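Novice: Quick one: the structure is below, and I'll ask about it shortly.
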2 protein chains.
Amino acid sequence: MTSTADAPRSPGRPRSVRADEAIIEATLDLLAEGSTIEALSIEAIASRAGVGKATIYRRWPGKDALLLDALRRLKGILPQPAGHSVRDDLVLLVGAVGHNIDPRAAKIMPCLVPEVNRSPDHFQLYQNIIEPRRHMMREVLRRGIRIGELRADLDVEVTMALLTGPMLIQRMLRWHPELDDLILPERVVDAVLEGIRAR
Amino acid sequence: MTSTADAPRSPGRPRSVRADEAIIEATLDLLAEGSTIEALSIEAIASRAGVGKATIYRRWPGKDALLLDALRRLKGILPQPAGHSVRDDLVLLVGAVGHNIDPRAAKIMPCLVPEVNRSPDHFQLYQNIIEPRRHMMREVLRRGIRIGELRADLDVEVTMALLTGPMLIQRMLRWHPELDDLILPERVVDAVLEGIRAR
């Protein structure tokens with residue numbers, strides 16, 4: 001293959017971006033089709049994406065780094081709280097819990113649960129995915145405390161579990177068949193706020 | 001094999017109880033060793049338990065009924081709220097969420113999550129396991145409303161999700177590595193109560 005580095009760029013996205021996307025897509029397709037994280041190989045991803053293994057290793061140091069990018073893609077970009085009302089920001093973030101923009105997520109995310117429990121590496125991968133989201137919720141709660149809207153003695157970490165848990169069990173397990181996903185974020189936030197709002 | 005129906009009973013538990021236990025144990029062993037619910041067969045259970053398939057079918061109409069009994073065994077008996085203090089009863093029930101008396105549960109329960117999502121039958125099985133526990137928590141909350149300790153306009157179902165969700169994500173996923181399982185039930189109940197207690 002001759003180098004095209006000096007040739008004028010063809011229109012559309014650069015080839016390297018197209019390869020990145022093909023690799024991410026191949027990873028998600030294989031997971032959605034039932035591959036476990038453990039069974040997933042760089043070889044299978046390369047073959048599915050129509051690239052060589054070296055192309056993958058030039059971009060990602062290994063499978064876990066690639067998985068992290070792929071799973072983050074699945075979850076979509078982080079919602080951005082507006083920063084005006086603590087309640088509105090919490091409703092936004094709680095509504096994003098367990099919400100994925102990609103339909104493959106419904107097949108992939110529940111299957112991560114057993115893997116998270118089996119392997120410390122996968123547990124770390126899971127933590128790497130959710131920590132930026134937890135961080136964002138933590139900041140909203142801290143701001144609420146600072147501006148006096150929330151109780152000063154609030155346990156921020158327990159409060160995050162209170163806000164996140166109901167949505168996650170509902171979206172991951174349909175824990176209660178009659179709870180409505182759409183109104184649940186507001187209901188959860190209002191119920192929790194009643195307990196944490198400064199009086 | 002000759003009938004022993006008229007023979008005097010030998011000491012110890014009746015043979016039929018021993019067979020029941022062997023069948024339940026074999027089911028749990030196979031699941032803990034990594035069998036999916038889908039792959040689990042009555043044949044494999046019979047062989048592992050050292051009984052004939054007919055012995056299983058005399059006791060359970062099919063695999064799902066057997067699984068329901070086996071998974072209930074895994075979770076242990078339902079905790080019995082004392083009925084004195086709403087807070088104490090809720091701490092007891094919240095502490096039992098995701099708690100299993102059997103060490104095999106740590107391998108089996110997380111693996112149910114993908115299966116619950118794949119099959120309506122498994123979803124129903126899961127609901128059959130948790131509904132008696134949800135029912136018990138619902139009764140405590142309703143009693144709290146009746147005696148005036150909890151707000152009369154309380155949304156009981158959302159409140160149950162608030163109480164259950166944090167414990168379940170913590171025990172199933174170790175959602176937040178720094179939250180302490182042991183003190184979480186009291187923290188969760190107190191935080192939720194502040195929001196729902198009648199003033």
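Even glycines carry a Cβ here, placed using N, Cα and C.
So TrEMBL lists these for the protein:
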type     : residues : note
DOMAIN   : A:17-78  : domain 'HTH tetR-type'
DNA_BIND : A:41-60  : DNA-binding region
Novice: Over the domain 'HTH tetR-type' (A:17-78), what is the model's average pLDDT?
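Specialist: Here the predicted model's pLDDT, averaged over the domain 'HTH tetR-type' (A:17-78), is 90.
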Novice: Who are the long-range neighbours of the DNA-binding region (A:41-60) in its own chain, taking Cβ under 8 Å and residues 6 or more past its ends?
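Specialist: Non-local partners: 19-20, 22-23, 25-27, 29-30, 35, 66, 69.
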Novice: DSSP-wise, what's the residue breakdown of the domain 'HTH tetR-type' (A:17-78) into helix, strand and coil?
Specialist: 44 helix, 0 strand, 18 coil
